[in-house]
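Student: Supplied in structure tokens, the structure appears directly below.
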């Protein structure tokens, strides 16, 4: 009786295992294949790519697609602006979030409750797209670099994540520093910041990925400013111009398109250029983001 | 939100004379917070003042006092516009589809991942599945458009080679497919990432439960049904309620990037509608009315969800 039960159980377990492995394999391929496919096409000769049939390895290997896109000046400007906004936006965001978090972690701070409520409310109120656009316009921030890093400078979510981390540190550290005659800024700079590094690393990655991936602010405020467009925006322009016309390219202007490098190859190569920095920091992302995600979820 | 308000204890009232010495003593704390508070006021609260535009015939360049007040004119126009109801329908359809798929699929995926016995494989699959979360929607939209394209797109190639279709489907040109494409894109991009919380919840289930079940001869499927799923029930309920709170605020990013003129009747969400018909045509007052409608509905949904949340968590505590 018991033997019988165990036998059937193991049978159904085997089917169960099979289903699990098949499903996981399908999901993994579905996630990874598109990236590999894009990578392969970006390194494949663009005339050859039109014939189709490229999967995960280039058929006629070439750097030509990359040479072509890097010769286009908009891409280099985009790269420069994207790097700048990522670096500056991350630094400014870290300074604002850590300072606010420190003051909010001080139980003796008079304005603590006021500041905390004020910040918490920003997570729920939103004026919407057009009032925000008008505000940016009235502040004369259209067509400036500042529009990338200044409006989003204070993020309540980041403040609260860092604060919950500081709250976990022993308060006696601050008190003993105070007895040694340190002022509040010194305590922040010398005592709190060095101890908060893991939380800061998480937030820095949040900020950096957000800055790097942003495209809509460029579209809305700086789209016609040649010197201020970002890499994501350049990619968006290429994609938008080819999605709507994708089918017009078939047949009609084939010779014309084939004469130069195909828009498809341009698109794939730029996609890779935009994605590579994310891949480079991916090991860090995985380590800190997962931690930050669980931290944030536990708190809220 | 709950944790924040709960943490702030009421400050006991002190005589006014004590305030200023303490203020001076805490000058660095003020210097480190007040500038950022003012900053947040400008960029987070001032736009709310902009809501007055919806009740005015707003002309850029004029001062607030020179604008002409028109009352609810733009709201009336809005509720008579067919496009508005179309945008509302699209927003609701895509948010509900996204809610269901984005809610159910990560649970299934988390359970499947948990059943993988080979640890290195589990880690590898997790690493791969988080990747799309970190690329921008621009990149994702580019990749998805390529995969669905009629020219050697992977999906069409696959369907053709399986002889399921005889000629490539023009996915991006079919309006009735757009909602599905947006939902599937979201699933592709975010499923792996959304499993993190469920996996954390599953790892909190005591191994002795599985041990006991095995001794009793329960199959793996029975263990999933009777231990894993009940074990993460609270997490599931909480996440479901939170996502209901965000139901209408789906924005426009995916729809903007994946959509095109051919599918506009299905891709235009409320935010895109405000962008195209408000900003694009310089009708700032009309666009603001759309934004107000959207904000008010999402705040109501948020409060409703929060109310349910409070009720349920209180029950589970008692």
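Cβ coordinates come from backbone N, Cα and C, glycine included.
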Student: Of B:28-46, B:47-65, which span is tagged transmembrane segment by TrEMBL?
Tutor: B:28-46
Student: Out of B:230-252, B:253-275, which range is noted as transmembrane segment by TrEMBL?
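Tutor: Among B:230-252, B:253-275, the range TrEMBL annotates as transmembrane segment is B:230-252.
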Student: Taking B:28-46, B:92-113, B:284-309 as candidates, which has the most Cβ pairs under 8 Å with the transmembrane segment (B:230-252)?
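Tutor: Maximum Cβ contact count belongs to B:284-309.
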